[in-house]
Amino acid sequence: MSLPPPPANSDSADTSAPSLVRTYRVWQGSNVFLFGGRLIFGPDVKSIFISIFLVIVPIAVFCALVARKLLDDFPHHSGWSIMGVVIALTLFVLITLIVTSGRDPGIVPRNSHPPEPDDYNWTENSNNGQISTSRFPRTRDVIVNGITVKVKYCDTCMLYRPLRASHCSVCDNCVERFDHHCPWVGQCIGLRNYRFYYMFVFSATLLCLYVHAFCWVYIVRIKDFEKVSIWRAMSKTIASTALIIYTFVCVWFVGGLAVFHTYLISTNQSTYENFKYRYDPQTNPYNRGIFNNFREVFCSRIPPSKNKFRSKIPREPLDSYRRTDIRPLSPLMKRTTRHMELLVGNSVYNEHEEEESHHRDGSENETRSKDSESKDSGLTDKSLDLSKILHAERVDGQESSVGRYPPWETTPQVPDSIIEVGESNWNTGPRYSTQETV
């Protein structure tokens, strides 16, 4: 009687399979995720609570101390419409605020590695036969409606940015049609949330004007009913006076933004483009006319997000950093490292020239030692013997000349008196060039 086969070891199968993790948990940007990656915010997401507070508290005061007293002052119960409109406007402002802040603004997925070597610029030195690679060209020219537009290479995301995209230093992401990073909503404003941002600013302006106007209505009704001056009437309703001052100040901010972004939409510009490029009407490659520009912002289909934050990807093991001598870096350290790579990216060490220079220095030392007095002969012989030992070790491959000094350091500077005695001891290190690639 044959025995049944032993069951498969599920534990070993689980350990051999790579562990999966959702994308938002290993996201390399500075964003904050809520509800399992369904909502994405900027790193300054706490500021949205300040914005909500600045909206809800004044409206609550208006409804309790102003609108409630105007309910019966109009015929056919039309005073209830004052309360209804202000509540509807407030809900619309809060919804557009949350939608603007909690959605992907158009983040461009970053590459895991730089473009292929075919995209490099290769140069060859015909004198010594060396081949070195220069860095990526910082910009590329793209023709848009007959006008040349430059797109930049992003060192952080390791890609050439799409048209009208820029890298947000706060969120540490490249964003399509980047407008600006708004601290009041705690999010970048870009291709996928600009429409809702404009509606938020515009509706907030209408809400300020609405509250401001009906506060004055309530003050005038007190003035007419009690037959007092306007200043006496304002003193009788402190809440209305405070709301008038508050909404007057706020309307300069949100109203100014609404007017400014209306102008930007009419000319098909972003805030970033307006401040950096200052397009003329003739040189703006994206201007399609006022009607088409507004239709592009409000009537066009919003493209889907290019990032699947809830999708599962293999978790990268921590020991991979040890194997490759790579450590996770903060955005500031990344920029510092890339700047250092820019300085030493084209450093070339010519081993043959160093070998010839070593032998030449040795022969000069030998000539000088013959002409010197007998008091220096013992020390010179020791230096020559040490030079031969170092040279033999370098030929046998036991000494790494490349790892002796960091790439950004040059060989030490030694006084002439020491060089004459043991020059070959100091010149065994490589000679680096720190010229920046243009």
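The chain as shown is numbered from 1 upward.
Positions of Cβ are set from backbone N, Cα and C atoms, glycine also.
Taken from TrEMBL as is:
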- 355-397: compositional bias 'Basic and acidic residues' (COMPBIAS)
- 424-438: compositional bias 'Polar residues' (COMPBIAS)
- 151-277: domain 'Palmitoyltransferase DHHC' (DOMAIN)
- 348-438: region 'Disordered' (REGION)
- 48-67: transmembrane segment (TRANSMEM)
- 79-99: transmembrane segment (TRANSMEM)
- 196-220: transmembrane segment (TRANSMEM)
- 241-264: transmembrane segment (TRANSMEM)
Can you name the far-off residues of the same chain, 6+ from the ends of the transmembrane segment (48-67), with a Cβ under 8 Å from a Cβ of it? 41, 82-83, 86-87, 90, 93-94, 97-98, 101, 184-186, 204, 207, 211, 214-215, 218, 237, 239-240, 242-243, 246-247, 250
Averaged over the domain 'Palmitoyltransferase DHHC' (151-277), what pLDDT does the prediction give? 94
According to DSSP, how is the domain 'Palmitoyltransferase DHHC' (151-277) divided among helix, strand and coil residues? 76 helix, 18 strand, 33 coil
